[in-house]
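Comments concern the structure below.
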Amino acid sequence: MKKIFAVNAGSSSLKFQIIEMPEEEVITVGQVERIGFDDSIFSITFENHTQKTILPVKTQKDAVQLVLKTVLEMGIVKNLDEIKGVGHRVVQGGEFFDKTVVVTPEVVEKIDYLAQFAPLHNKANLEGYKAFHELLPNVIHTVVFDTAFHQTMEEQNYIFPIPYHYYKDYAIRRYGAHGTSHKYIASVVEELLQTKEYKLISCHLGSGASLCAIKNGKCIDTSMGFTPLGGIMMGTRCGDVDPSAILYMMEKENLTPAQMNHILNKESGLLGVSGRSSDMRDIDKGIAADEHQSLLAQKLYCTRVAQFIGSYFVELGGCDALVFTAGVGENSKSTRSRLLPMISEALGIEVDESQAIDVKHGQLISTKNSKVKVYIIPTNEELMIARDTYELVQQNG
């Protein structure tokens, strides 16, 4: 039995789990929010009891020190030698990384270089790693990349139709994201269908959202692009938009690239169209109140998802399983109820959520007559991080 830390360090947050491997038993879950403020929030759950504290946490290192001190004080670990590996989520791995790797100085250098593609994420992910490594220097540290799973895409699915030298000179291409989530969903579907040969469309629909076409466990195509701004409409992100419209907006309102970037990333999507919220639960309230823009936002969202599902159905040459995961995918019945009729005739899908069948890791909501099995499966990125890290600990231990 080996205890593995699964870590997701953000610009002002630190989320973590300690997972006992290979049993895959979650021992504790916690997070530090509002790092850098005097009223940071530290919450940790152990043996069904949640403890919440408000205190100043100025840096990622302070956050990690707080976490390690607390897991010792609470008896979650008897001593820090029990921790055999720390797996760190990193958003952008570029073309350097197609799998999880043990951290070396060269790996750190590449993550730092790739921060130009994901400045908000990679820098923060790296800060988290450095803080943990300083305090746990003798433990194996790994990095698990959001982009790695998508490195199996063929060239025609990741090259953009712009002058080719932009790819050669600056590595501008489709990278995708949510790879760890899509990889987890693929592992569950393989278990449910009891075969390694399958065609899967995975729909990770959260505040950020992406779809992935998966064949026999490998990514064939994915909706997010050069950054997580591309693809389908999201909570506050626009997804795919005619670039000329963006240039026209910039010209009309004399916007800088930074201002335009903020509009597309933070003011668009469900929030921008509804004028109400980026949260689908609030959109539902708007629809109930007969707000045209809320209804339009949900219709547009579902239409964009349906278009990608149809595209991937053709690309895969059929589909054995369609999976909904993440916040909206798992919990928004109104979204599924609007979306599924859009694709049911073309894909031969028949769904009856009132007759949902509990399966391992989720629910089957399609009927026996459905040509495609439709599942709701909660994602578990932390478990994937722990699995990959444990494997490398075993190899390098």
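Our numbering is plain: 1 for the first residue shown, then up by one each step along the chain.
The backbone N, Cα and C atoms fix where each Cβ goes, glycine too.
Per TrEMBL, the feature active site, proton donor/acceptor maps to Asp146. Sequence annotations record features per position, and here TrEMBL assigns Mg(2+) binding site to Asn8, Glu381. Feature annotation from TrEMBL assigns ATP binding site to Lys15, His204, Leu205, Gly206, Ser207, Gly208, Asp279, Met280, Arg281, Gly327, Val328, Gly329, Glu330, Asn331. Look at TrEMBL and you will find Arg89 tagged as substrate binding site. According to TrEMBL, the site 'Transition state stabilizer' annotation covers His178, Arg237.
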Other CB atoms within 10 A, centred on Arg237 (site 'Transition state stabilizer'): 26
Candidate with sparsest Cβ neighbourhood (10 Å radius) among Asn8, Ser207, the listed binding-site residues: Ser207
Whole-number Å value for how far Arg89 (substrate binding site) lies from Asp279 (ATP binding site) (Cα to Cα): 25
Assigned conformation of Asp279 (ATP binding site) - DSSP reduced to three states: coil
Pairwise Cα distance for Asn8 (Mg(2+) binding site)/His178 (site 'Transition state stabilizer') [Å, integer]: 13
10 Å Cα neighbourhood of Ser207 (ATP binding site): matching recorded positions from Arg89, Asp146, His178, Glu381: none
Inter-residue C-alpha distance, Arg281 (ATP binding site) and Arg237 (site 'Transition state stabilizer') (nearest angstrom): 17
Other CB atoms within 10 A, centred on Glu381 (Mg(2+) binding site): 23
Cα-Cα distance maximum in Å, computed over every pair in Lys15, His204, Leu205, Gly206, Ser207, Gly208, Asp279, Met280, Arg281, Gly327, Val328, Gly329, Glu330, Asn331 that the record assigns to ATP: 24
Which of Lys15, Arg89, His178, Arg281, the listed recorded positions, has fewest other Cβ atoms within 10 Å: Arg281
Greatest C-beta neighbour count within 10 angstroms, which of the recorded positions Asp146, Asp279: Asp146
Cβ contacts of Val328 (ATP binding site) (under 8 Å, same chain, 6 or more positions away): Leu205, Gly206, Ala209, Met280, Thr335
Set of same-chain residues at least 6 away whose C-beta sits under 8 angstroms from Glu330 (ATP binding site): Phe324, Ile376, Ile377, Pro378
Listed recorded positions Arg89, His178, Arg237, filtered to Cα within 10 Å of Glu381 (Mg(2+) binding site): Arg89, His178
Conformational class of Arg237 (site 'Transition state stabilizer') under the three-state DSSP mapping: coil
